[in-house]
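Below: one structure, written as structure tokens.
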Amino acid sequence: MENLKKALLEQFDLVFSDETLLETAFTHTSYANEHRLLKISHNERLEFLGDAVLQLIISEYLYTKYPKRPEGDLSKLRSMIVREESLAGFARDCQFDQFIKLGRGEEKSGGRNRDTILGDLFEAFLGALLLDKGVEAVKSFLYQVMIPKVEAGDFERVTDYKTKLQELLQINGDVEIAYQVVSETGPAHAKNFEVAVLINGRKSGQGQGRSKKLAEQEAAKNAFEKESSSCF
């Protein structure tokens, strides 16, 4: 905790009044489950709160920044900014991956590098910051960490692999592409979906994500890479 507090102070000039909130934000369910007798809180509830305030602040920013863009374009851009992969990247930028508390099994299986865990951690931190400092503090933090990348156009260039896969396969004539949910795990506010992509009934790729759309994109990316190598 001391190293985390030092990092937040040095990087963002942040000092939490309620250190319990900060500790909870960095505690994964696997760690809490391994220490049940200590009745340690995990970060899922804070993640739920952080997701909501993140959506609000990014939505307000995009609405103000791009007054002539239609709702559909704004929604697509927002989804790219707040998707699991992006949030995990922001968590790594902030070096949050160094401080999360994981259970031994999760640690051994590579949980510290898993996008799902890091994306959830980033949202949980925002939830803790909201409760401790208020919405303006969250906004200030996001404007330091996220907005510069948005303004640099990083999320305008995100590849739509579902479209790329369709275009690749249609070179050889009509094909049937279907996306099938393989599994759905986690609590209602933090679902994790696993989706397979079928090409003419043949499984070609699989992906995971916090929404069906994100999982479909990951599956399409996996399939696109396989089909590209077999076509050329």
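Placed from the backbone N, Cα and C atoms, the Cβ positions cover glycine too.
Taken from Swiss-Prot, the feature domain 'RNase III' applies to 5-134.
Annotation source Swiss-Prot lists domain 'DRBM' at 160-229, citing sequence analysis.
Residues of the same chain lying 6 or more positions beyond the ends of the region 'Disordered' (203-232) and with a Cβ under 8 Å from any Cβ of it are 79, 83-85, 116, 119, 159-162, 164-165, 168-169, 171-172, 179, 181-182, 190-197. As annotated by Swiss-Prot, region 'Disordered' applies to 203-232.
In terms of DSSP helix, strand and coil, the compositional bias 'Basic and acidic residues' (213-232) has 19 helix, 0 strand, 1 coil. Under the heading compositional bias 'Basic and acidic residues', Swiss-Prot lists 213-232.
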